Structures are given as structure tokens and as C-alpha cells.
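Working notes, beginning with the structure itself.
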Amino acid sequence: MNKRPTLTLKSSAPAAPKLRASHARALKPALQTGFQTALKPDALAFSLLGAAHAVAQVRTGTALPQALATVFAKQDAPPQARGAMQDIAYRCMRQLGQSETLIGLMAPKAPEPLVAALLACALALLTAPDAVAPYEPFTVVDQTVTAADAHPDTARAKGMVNAVLRRFLRERQALLDTARLQPLARWNYPQWWLDAVKTAWPQQWQAILAAGDTAPPLTLRVNARKATVAQYLATLEAAGMAASQIGPYAVRLAKPVAVAQIPGFAEGVVSVQDAGAQLAAPLLDVADGMRVLDACAAPGGKTCHVLELAAAELTALDADPKRLARVGENLERLGLKATLQAAEAQSAGWWDGRPFDRILADVPCTASGIVRRHPDIRWLRRKGDTLQLATLSAKILDNLWQMLAPGGKLLFVTCSLWPQESEAQAAAFAVRHGATRLDAPGQLLPVGGPEHDHDGLFYALFQKNA
Ligand SMILES: C[S@@+](CC[C@H](N)C(=O)[O-])C[C@H]1O[C@@H](n2cnc3c(N)ncnc32)[C@H](O)[C@@H]1O
């Protein structure tokens, strides 16, 4: 791996203020997550409190989708409140560094976990640019105080919540200017993540970090068995939905909508898939009748795309049986067939010994390239995860190589930005196995803008000598 120089963030502004140690410590687990409030489900206060519970759970290590699912179930939230909770919680994740820094500047002492999460949710709404602010500032403050009052873990802090948010409204710009002297608040990523992006991508680090804080587009993959892109664009136009083609099978909707509102989704005409992820199936170069292994398949985006392009004999393997079930659901919706196998890709116990013509190894990784879609990842990952996951994926690749037929191709994919998991891994693998490296995009950087409206993926393609 090439060593690149580390850039440090330069600022002509005064030195960043030190936060009190109490604000920098890890937050304690949230209490009483099952408590039912008397708040009306259509009130913003209800959604703020639900989102705050989910955010507090992320701060103790739970992934945001799981945290939200728990809150939805426990609070018996109706669909509209679920949508609002999800929107607030995702905004909060993208602004968490700034919000926690602001709380550190304004709160008299470190708030309890649920209070801190509630304040962070409110600040995420209050700091949204005016043009896209979903609620009036005074509504946010009023409803946050109402939410605080409605829960036993936050009720005592109601006065402090009110004081902090009103102070923020009064001193907004000065507080933001001070907070943003901290890299954590300026970029909304932990320091180790900032250092890692700067080291790996010294030219593009700012664009990568900024793009990771934006909401992702809704990109669809047109099922080549059922429609062409031109036909599907005409369908969208007839439905009054603006969209454009951004890849051979990729269509981006101008305005994201719920899956249920996507024309043809239920009938399998389209699937939701990032434009960068849609490169995998064509790169694999599968022909009808080939034996194909998708070794880390769930939820099946790439599996299904391969089968939309060729009538292959495909085995979809995944270590997680619950996630594997989602591959089955996607295959069914699209009218496709594959053999599903719950097993670990670094073991060979499940293999019948018949070599595969093509292998897709979309290995487990830090997912550092898909933070705009999963903004909680940056707060959940630890620096040491990279080495641990790279070690596992090396084992997976070595094991899969023996299953590849002579002349066959293996496509190695990650959704990581870290070279240790991607290019360094690919280079070391090629040396270990004397594998021929074929043309592939390498690292796709998620720098944003219309030309790069894709996640951060890495592709390396290998061929086994015949
Ligand atoms: C990046 S995701 C795959 C995404 C999928 N290829 C798609 O396009 O929809 C990685 C998958 O690897 C699975 N996984 C993790 N460890 C594994 C292992 N040791 N063997 C096989 N699958 C594993 C995870 O459950 C996860 O579904």
C-alpha cells in the first residue's frame, strides 16, 4: 500500500475551545425505552422522543435500523410517525458531531443519555438550512420541551432543555462558529475516521466527507428481463415523476419516494440499488448456463442483477440466515431462482466440490463507503474493525479461490474507503495466488455531484489461469 501524507485541517480562526471532559465521555445506556407516553402519535413531540430513543441506542452500539425497529414496535407508532422518527434520527446521525459539541458548549453539565439524544435530535432540526428546514424553530423548541416532559428519564431536565434550545435560537451563529472550530463538529465524523480519510485520499477527503453528510438519491435498477431503461423512464413520466438515466440500468428519481410508490416495484420491474453497486453484475460477465457463486449475497441486490442479465445456475450464500431470507424475498418479487445456502464463505463444508465459473465476493467490510445511506456507521465503527474485517475477508477470498474453475473469474467487492480492506487486500491476494488481474474500476470514490452520484465501492477482478 502506498503511504500518503496526512493533511491537517488548517484554520485561520482562533484555536478550538476544549470541551469539558464530562461531555467527551461515552454516553450511558438509555433507560426505560419501553415507556409509553401520553403524547399523541401525530405530534412532533412523539416523533422527537421516538427518534431520541433510537439515537440513544446507537450511542450504545445498536445499528440505527435495528434501534428504530425496536422503537416502532414498543411505541406502536403509526406509519406517519415512523416516517417522521426515521427522518429525524437520520438527520441527527449526519449532524451528531456538531450537535454534541453544541450541547457541550451550552449545557451546564453532561446530560443523561436520553436528554442528550433528545437535544441532538432537536438541534439537527434547528440547524437544517432554512430552505429545507422541516419545522419552524419555535415549534421544534416547544415540542422538544413537551417531549422531555412526557418521559420519566427526561422530565427533570425539561427546564435545561428549554434553556439550551432557546439560547441556541438567540446565539445561533456565534455558537455554530465556535462549535465548528472542532473537527468533530465541522465534519461530523469521529477523529480517527477523519484521519483515515485524509491519509487514504489526501486530494478528495473534504469532498468525500461532505458527500457522506448528504441524503442519498433514490436510484433504481431496471430489470432487463422486464423493461428497458427508455420504457421505464416513459412509465415514470406518465406517472408525473421526474427521473434520469445515470447508468446502463440505473435510473435516479429526482425526488425520493417510499418504495410502495415506485411504479412497477411490486411487479419486479425495478429494484432499489445504488448506481455504483450496479457495476458488479456486468463486470462478472456471466453467460447463460454458467455456475455462479455469490458468496456474501444478502440482501441479494447483486444476486438478482446477475440473474436479470443471464440464466445462470446461481448459489447465493450468506452467513446470516435472517438476511439470506431477504434474498429469497427479492428473488420471488423479481421472478428469479437461485439456490440459497446459509454458511460461512471462509469454510468449504457446504461446497459439493463442483467448481464455479464465476464467483462474486462482496465481502463483509467496515462499510465506510456507504455512510450517506447509513450515517450511523461512523458512530458505530471502531478503528480496529478495519484490520479485523480485512483479516476475515482475506480468509474468505483464499477459500473461494479453490472453488473457482480454471479460466473462471472472481470479482472482489467492498463498500469500503480504506485501502487496507480494498486495494491492499486485492494486491496481496493477487500475489498469494498468482491471480491475473483484469480491468475493473478499482476504488470508486463517493465525492458527490452529478458525475459521481454513487456510493464508495471497490472492485477488483481476477482470473484463474486455465
Ligand atoms: C456487503 S453485504 C453483501 C451485499 C450483497 N452482495 C448485495 O449486493 O445485496 C455483506 C454480506 O456478507 C454477509 N457475511 C458476513 N460475514 C460472512 C461470512 N463469513 N460468510 C458469508 N457471508 C458473510 C453479511 O451477512 C452480509 O449480508
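Quick reminder: no glycine exception, Cβ is built from N, Cα and C everywhere.
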- Query: Of Asp285, Asp318, Asp376, which does TrEMBL put in the S-adenosyl-L-methionine site with Cys296, Ala297, Ala298, Pro299, Gly300, Gly301, Lys302, Asp362?
  - Reply: Asp318
- Expressed in Å to no decimal places, the gap between the Cα atoms of Gly300 (S-adenosyl-L-methionine binding site) and Cys415 (active site, nucleophile) is 15
- Could you state the CA-to-CA distance between Cys296 (S-adenosyl-L-methionine binding site) and Cys415 (active site, nucleophile) to the nearest Å? 13
- Query: Applying the rule Cβ within 8 Å of the centroid of the Cβ atoms of Cys296, Ala297, Ala298, Pro299, Gly300, Gly301, Lys302, Asp318, Asp362, what extra residues of the same chain belong around the S-adenosyl-L-methionine site?
  - Reply: Asp294, Thr303, Ala316, Arg323, Val327
- Task: Take the C-alpha atoms of Lys302 (S-adenosyl-L-methionine binding site) and Cys415 (active site, nucleophile) and report the distance between them in angstrom, rounded.
- Result: 13
- Task: Using only the Cα atoms of Cys296, Ala297, Ala298, Pro299, Gly300, Gly301, Lys302, Asp318, Asp362, which the record gives as binding S-adenosyl-L-methionine, return the largest interatomic distance in Å, rounded to a whole number.
- Result: 13
- Per DSSP, Asp362 (S-adenosyl-L-methionine binding site) is which: helix, strand or coil? strand
- Query: Non-local Cβ contacts of Cys415 (active site, nucleophile) (under 8 Å, 6 or more apart, same chain)?
  - Reply: Ala277, Cys365, Ala367, Ser368, Gly369, Ile370, Asp455, Gly456, Leu457, Phe458
- Message: Test of understanding: give the count of other CB atoms lying within 10 angstroms of the CB of Gly300 (S-adenosyl-L-methionine binding site).
- Response: 28
